[in-house]
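Structure first, commentary second.
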Amino acid sequence: MRQIAFYGKGGIGKSTTQQNTMAAMAEMGKKVMIVGCDPKADSTRLILHSKAQTSVIQLAAEKGSVEDLELDEVLVEGQWGIKCVESGGPEPAVGCAGRGVITSINYLEEAGAYEDLDFVTYDVLGDVVCGGFAMPIRQGKAQEIYIVTSGEMMAMYAANNIARGVLKYAHSGGVRLGGLICNSRNTDREDELIMELARRLNTQMIHFIPRNNVVQHAELRRMTVIEYDPKNSQADQYRELARKIVDNDMKTIPTPITMDELEELLIEFGIMQQEDESIIAKAAAVA
């Protein structure tokens, strides 16, 4: 069994990418479980065709404790037999959502949820790098990390931060970076830029997913593209990514870069202009 995690900046399309990719894996005959580690609890909605799966934390609150839960209450089987779990989290501004991740994974292990699987995937909130959300990395639960990013500066910034987290636990937990997944935003020279970022982080751009409105059309129906329009070229993109992950033998210890180096990379690719420091943060009319 391989345990992998998808990290990425909020809004980058991480959950969508993860669900479509896991759907493609299941289509290939792989036995898959998705563990959602995001308080939004939207990591399984396209597989289950539901708004949001009831989370472990929510069910535990209703029952009194995690120990009172039955596995079939928290683990729901969706399309293609994909097993789905949402860890969930507390109400906004109350408590630590990362604790939900820790509690859920520990419960799933004790309840025997990991038996007879080819892949377990963790869908993790990526721009908050607190200890709870880093738990799949920190305790060696996920051995392979895939970072969903794009050619936008903040998505790249988050990717670099996540790489820094992987590096921190690479020697103690054995976790490795499997690659960057570029979920295209149609920015200038995006594929070249992410390939170069990957090179500097000592990894690969494992796949470039082109932008396609069919993804949104499928999401509105709470479906993966694989199910909604299986013959669409976008469905083939997710199938190709799934095959690349299955066959991936390039798992590395990342080499994060500094913020200055990231800005230099953007300047090198013409995304940012190298301007006189005196006009930085000045409006166009003032400059």
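Numbering starts at 1 and runs along the chain as displayed.
Cβ atoms are placed via backbone N, Cα and C, with glycine included.
The following features are taken from Swiss-Prot:
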- Gly8, Lys9, Gly10, Gly11, Ile12, Gly13, Lys14, Ser15: ATP binding site (BINDING)
- Cys96, Cys130: [4Fe-4S] cluster binding site (BINDING)
- Arg99: ADP-ribosylarginine (MOD_RES)
- [ ] Count the Cβ atoms, other than its own, that fall within 10 Å of the Cβ of Gly11 (ATP binding site), considering every protein chain shown.
- [x] 9
TODO: Determine, to the nearest whole angstrom, how far the Cα atom of Ile12 (ATP binding site) is from the Cα atom of Arg99 (ADP-ribosylarginine).
DONE: 24
- [ ] For Gly10 (ATP binding site) and Arg99 (ADP-ribosylarginine), determine the Cα separation and express it in whole Å.
- [x] 19
TODO: Specify the secondary structure state of Gly8 (ATP binding site) as given by DSSP, simplified to three classes.
DONE: strand
Task: Euclidean distance between Cα atoms of Arg99 (ADP-ribosylarginine) and Lys14 (ATP binding site), Å - done: 21
Task: Rounded distance in angstrom between the Cα atoms of Gly8 (ATP binding site) and Arg99 (ADP-ribosylarginine) - done: 19
TODO: Tell me the Cβ contacts of Ser15 (ATP binding site) under 8 Å, same chain only and six or more apart in sequence, or just say none.
DONE: Phe6, Gly36, Asp38, Asp42, Ser43, Asp123
Open item on the list: If you compare CA-to-CA distances from the residue listed as 'ADP-ribosylarginine' to each of the binding-site residues Lys9, Gly11, Gly13, which comes out shortest?
Closed with: Lys9
